[in-house]
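J.: Dumping the structure here so I can ask a few things about it.
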Amino acid sequence: MLSLWLNVLASGILLGLVYGLIALGLTIIFGVMRVVNFAHGEMVVFGVYIGYWTVRLWNVPIIVAAAIAAVVMFAFGYLLEALIVKRFVNRPHHYQFIVFIGLSLLFSGTLLVAFGPDPRPTASQLSFQTVSLGLVTLDLARLQAAATAGLLIALLGAYLKFSSFGRSLRAAADNRLGGLIVGLNIPRVYAVTFGIGAACAGVAGALISPLFDAQPYLAVDFTLLAFVTVIVGGLGSFGGALLGGLVIGVAEAIAALMFTPSMKTALPYALLIIILVFRPRGFFGAKEI
Amino acid sequence: MLANPYVISLMTIVLLFTFLGQSWNLMLGIGGQLSIGHALFVGLGAYSVGVLYVKYGISPWVGLLTGMILAGSVGASIAWLSFRFEVRGIYFALLTIAAAEFARIMFSGWEFVGAMQGLFFPAPTGGIEISMLRGDARFYYFVALALAALGIIGTEFISRSYLGYVWRAMRDDESAARALGVRTFQHKILVISISAATAAAGGGVLALVQGSIFPDSIMGMGLSVDVLIGPVVGGLGTTFGPLVGSLAAIPLNHLMSALGDSLRIPGLNNITYGVVLISVVWFLPDGIWPAIVRLCKAIQAPPTAWLWQSRKVEE
């Protein structure tokens, strides 16, 4: 019994790290630009497809697929911001919501046209291998995804904290006008921010491609999951996204064990409603990134 | 035109979404509160009608009333909870989506209301029964027409009443409204519960028209988006915006999905719909209706000024 609980807990934590990475992408974009990316799930699914195709065509390890996803999705996010999103940054939320709903329809439509509606399982060897650590047995795909996600979160945190670009990004998040006054190139900061956000989603997608079948309709679930994660932790907070990811991952795993499968999907929302009611700004307030 | 059954059923949906758009418009365009989870209220209305009628044979009129009361109270409690704790703006919007998703998942797992298999109304007998709100497609077209007209007149009435002025003052500057003695907390709850109750009425009729209720389609994200596309595309806060927007968006979506089906390109309607949404917000930021109004003014159309006093939202 203890071993079952430990296993569930461990797999929840591992998946939670990946959720944390997805949420981090959303939270960085919101923290800096005050824009809620409602097409975030589509970006995760792009990553899943990149993982699926690179592994299938070249049989590369999943880490390489994740690196490819990072580069591709960074460029994608950068261009998307520079071409479309920047026109809507200062608009009211409901306009942004419509734009991003439009983008997400466009993206999911493109995926449907390109790959069709049927799920494509990534049948890599990784999906079936396990590692035993005492009482806990973990599957390798999950462990690898979590380790990579954890490492990336740490690297990104360090980059934002110590690099000069990270400083200007945090300055822009703190006070846009102040940043403009001291000579920050705000349009570039915004484009790079959006690129980083998209890259986080893409990498997370590539990392979980051995665990989830590639399928266009997954996107909505990932978008909602990212929202829940981010709000639980606090929109715009770096640590909050990570903590939110872990909480949601563990909560999902426990709910799946204790209740019916439909409870597994309902629990994060219940948690979210409770948290919003008692701590409206999440565990950590906003404005800290 | 009205002889063609396809046109009738399409127009019925357009008019129903005009009504639902009006209810959403009341909340954001006049009340200043963004909801992206309106499917929750629509779904509650649909399920009230469906459960009472299918399980107990009770008239949909009672179901509509029950649904309105239910959705109004749910809307009021969501509003009470969130404004009590100063959840506002985008956080409130995300709370509405979370509540809608939570309800959708709960209803998908609830055997009594049909769970994922859905709830089916008995097939129409062909006769028109006003007391049971049953009839053919043409009957429902007139029901939807009446509802849409009621929505437009009702919105116009509310927005010219004392409440309309108070709500717009609250929308534009809450602290200023408060300083003038408006109890904004109570008024926000009131506007949200009225919007929720009307959305439930629309949802009840929508369920009757469709003849079946499935949690994913009546309470899903997609329906919340469909509800707000009409007013945003047509013109937010305007009286005729939801009608114009629904007239433009819904037939386009149906056309494109039919085209996509016949060409066997599954994502075609998503792509065109997405591109159209982005272009409308890009090129006609305040919607189609204000653009038509500007055009009419430019070519000096006869003055019917009461029709187009614009009530823009500024956040």
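The backbone N, Cα and C atoms fix where each Cβ goes, glycine too.
According to TrEMBL:
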type	residues	note
TRANSMEM	B:6-24	transmembrane segment
TRANSMEM	B:36-54	transmembrane segment
TRANSMEM	B:60-83	transmembrane segment
TRANSMEM	B:90-110	transmembrane segment
TRANSMEM	B:139-158	transmembrane segment
TRANSMEM	B:189-209	transmembrane segment
TRANSMEM	B:229-250	transmembrane segment
TRANSMEM	B:271-292	transmembrane segment
J.: The transmembrane segment (B:60-83) vs the transmembrane segment (B:189-209): three or more C-beta pairs under 8 Å (separation of 6 or more)?
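T.: The transmembrane segment (B:189-209) and the transmembrane segment (B:60-83): touching, yes.
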J.: Ranking B:6-24, B:36-54, B:90-110, B:189-209, B:229-250 by Cβ pairs under 8 Å to the transmembrane segment (B:139-158), which is first?
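T.: Going through each listed stretch, the top one turns out to be B:6-24.
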J.: As a test: from B:6-24, B:36-54, B:90-110, B:189-209, B:271-292, pick the stretch that has the greatest number of Cβ pairs under 8 Å with the transmembrane segment (B:229-250).
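T.: The stretch with the most close Cβ contacts to the transmembrane segment (B:229-250) is B:271-292.
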J.: Which residues of the chain, 6 or more past the ends of the transmembrane segment (B:36-54), have a CB below 8 A from one of its CBs?
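T.: For the transmembrane segment (B:36-54), the far contacts come to 20, 23-24, 60, 62-64, 66-68, 70-71, 74-75, 93-101, 103-104, 107, 112-113, 119-122, 132, 195-197, 199-204, 206-208, 213, 215, 218-225, 227-228.
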J.: Under 8 Å between C-beta atoms and at least six residues away from its ends: which parts of the chain pack against the transmembrane segment (B:189-209)?
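T.: Residues 9, 12-13, 16, 19-20, 22-24, 26-27, 30-31, 33, 35, 38, 41-50, 60, 63-64, 67-76, 78-80, 83, 121, 133-134, 140, 143-144, 147, 151, 154, 158, 163, 167, 218, 227 contact the transmembrane segment (B:189-209) from elsewhere in the chain.
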